[in-house]
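Have a look at the structure below, then the notes.
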Number of protein chains: 2
Amino acid sequence: MRSEAHFLELIDSHFSREHDFLALGRGDDCAVLRGGTDYCVTSDLFLEGEHFRRDYFSAADIGYKALAVNISDIAAMGAKPVAFTMDLMAPVDLPDEFWDEFLRSMAGLARQNDMVLAGGDLSRSDRLGISISAFGAPGSTGFLRRRNCAFGDILFTVGDIGLARTGLMALEAEGIKARETLPAAVMAHLRPKPKVMIGTLLNAAGIKGLMDLSDGLARDLPRFTGPDLGANLTIDPETLHNDLHAWCKAAGLDPVEFAVLGGEDYSLLGAVSPFDAGKARSVPGFMEIGTVTREPGIILNGKPFDNPGFDHFSQ
Amino acid sequence: MRSEAHFLELIDSHFSREHDFLALGRGDDCAVLRGGTDYCVTSDLFLEGEHFRRDYFSAADIGYKALAVNISDIAAMGAKPVAFTMDLMAPVDLPDEFWDEFLRSMAGLARQNDMVLAGGDLSRSDRLGISISAFGAPGSTGFLRRRNCAFGDILFTVGDIGLARTGLMALEAEGIKARETLPAAVMAHLRPKPKVMIGTLLNAAGIKGLMDLSDGLARDLPRFTGPDLGANLTIDPETLHNDLHAWCKAAGLDPVEFAVLGGEDYSLLGAVSPFDAGKARSVPGFMEIGTVTREPGIILNGKPFDNPGFDHFSQ
């Protein structure tokens, strides 16, 4: 980075300062989001060494994914993204070309989702890191929450499960050449597609609850149903992606177990009443995976699934 | 940190999930800020090695200041803080006691300002780092902006200038024992007091613009007036703090120059029309420092002040 001043010019060249939802844009002590609507707010870290490696993430991949994971949280509220702030931790040795590519890619995704960059902060750092907070406006029935399902509700997903984990494993094992051997899996890890349109369609279709899968279906399910309910899942291996099957076959792994443990899917997990599921079923990608049970715990294809806890700190 | 789950319990023990301005608190994909009002939004990084050192910042100092610098931006809008999100980069080796002290101190400052922790993210990291986004509701005349002054307006500050820089220099030179030799300066650096009440009083007093001083008066003034105006400053050395005088005397530095170059003051800089300054003058700590000039640049005590540019990256 040549200088902070130059970087701010680069930001201005990629990101507009104006948006219908902004009463005041970048450049003051704060930006101002216009009132008149509730806002949903999410905040996510994207850190070199923890969430990505520069070995196989290009500058464009990093800029894209740092924002995408935040947009996915807004999609999971059935909401419409409007704005974000970015705190950037920048190693001094990264060249202007890196930042240009990083910002161009992030700005492209922001534009697709009609989001404005409202502000942020910049600091030197040993490692590259991005902290983004993103804001969304309510969908047609307001915001969709977790823990809003009952015994007998239909559980469904939209989007692949386990595919991003396949991509991560392949990239870690084979590096950049995994882009050729398992292209869909690699793209699912590098460039997860936030399902904003799907989220708003599901919202309008009258579903009960929605969340995004970031730690894998098995770990996220109890967060979705709450601790007093469980899930009886039927997952047909044929619904899983070919790249996942190829990876699991080569590694001698069970594809369904691998899929339900897979993190960073950024697919959506939802619940809908069986008496009210007609519209939801017509949403593109809707995949019924089971039902909500009275008993906590997960039954997977007829057998109790022992859910291995995962903790970023204790493991 | 023992585990992520334990840390989230610790968070819950220190921070309420509920607040008048929150329709939905921590624990879902997003939190939800209630509509009906505009929100100002700011975002700041607080990184080990860049913004603080653990040599002389206690866990409580770090937790306090990471939030304080964000609150200061809201104060500078003449606004009322309501909520914040925190992305935390946590080295694995910090003990529970550290986190308890860190969170207790941050929660104390949040409570003083009636702010709720609305969400965030947690990741391992080599170095400790905190990225906070904070939200504020408008004061009595809305939000106070920069670049909203004219030729002849009175410039004023509230709060010490240069004192935090004195503290930083002393801490860097002498370490923790500077807490005894220059206690006010050290506290100004470790525990800057966000001037929320002052900001709202100034807002109600009909001033024209306000900002917080984070990079030093000399560097922040052009950002406040805009590039087409300047400032004629009269700063009486007697208005500067004794700790600053003591430091400058020992180091052979000019106290006024040192003061106007001092960063991280988190004091307020404002402008008010001379025809309308009566109420503002009665706000505690109001200190007239000069007037807005037609010509860009700074005149300091009768002489042109050559403003040395500062860039976090190019220097």
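Keep in mind that glycine also has a Cβ here, set from the backbone N, Cα and C atoms.
According to TrEMBL, the Mg(2+) 3 binding site annotation covers B:Asp29, B:Asp73, B:Asp212. Per TrEMBL, Mg(2+) 4 binding site is recorded for B:Asp29, B:Thr42, B:Asp73. The Mg(2+) 1 binding site annotation in TrEMBL covers B:Ser43, B:Asp44, B:Asp121. According to TrEMBL, the feature Mg(2+) 2 binding site maps to B:Asp44, B:Asp73. Summarising the annotation, TrEMBL assigns substrate binding site to B:His51, B:Glu264, B:Phe310. If you look up TrEMBL, you'll see B:Gly120, B:Asp121, B:Arg146, B:Ser214 marked as ATP binding site. Summarising the annotation, TrEMBL assigns Mg(2+) 5 binding site to B:Asp215. The feature domain 'PurM-like N-terminal' is assigned by TrEMBL to B:27-136.
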For B:Ser214 (ATP binding site), list the number of other Cβ atoms lying within 10 Å of its Cβ atom. 21
Rounded to a whole number, what is the top Cα to Cα distance in Å among the residues the record ties to ATP, namely B:Gly120, B:Asp121, B:Arg146, B:Ser214? 31
For the domain 'PurM-like N-terminal' (B:27-136), the DSSP helix/strand/coil residue counts are 34 helix, 42 strand, 34 coil
Given the binding-site residues B:Thr42, B:Ser43, the candidate whose Cβ has the fewest other Cβ atoms within 10 Å is B:Ser43
Binding-site residues near B:Asp44 (Mg(2+) 1 binding site), in sequence order, restricted to B:Asp29, B:His51, B:Asp73, B:Gly120, B:Arg146, B:Asp215 and a 10 Å Cα cut-off: B:Asp73
Pop the Cα-Cα gap between B:Asp29 (Mg(2+) 3 binding site) and B:Gly120 (ATP binding site) into the table, whole Å please. 10
So which of the binding-site residues is most packed in, judged by how many other Cβ atoms lie within 10 Å of its Cβ, out of B:Asp73, B:Glu264? B:Asp73
Tell me, which binding-site residues from B:Thr42, B:Ser43, B:His51, B:Asp121, B:Glu264 are within 10 Å of B:Asp212 (Mg(2+) 3 binding site) if we use the C-alpha atoms? B:Glu264
B:Asp44 (Mg(2+) 1 binding site): tally of other CB atoms within 10 A of its CB: 25
Please name the residue among the binding-site residues B:Asp29, B:Asp121, B:Asp212, B:Asp215 whose C-beta has the most neighbouring C-beta atoms within 10 angstroms. B:Asp29
Among B:Thr42, B:Ser43, B:His51, B:Asp73, B:Asp121, these being the binding-site residues, pick the one whose CA is nearest to that of B:Ser214 (ATP binding site). B:Asp73
Go through the binding-site residues B:Asp73, B:Asp121, B:Arg146, B:Asp212, B:Glu264 for me and flag any whose C-beta is under 8 angstroms from a C-beta on chain A. B:Asp73, B:Asp121, B:Arg146, B:Asp212
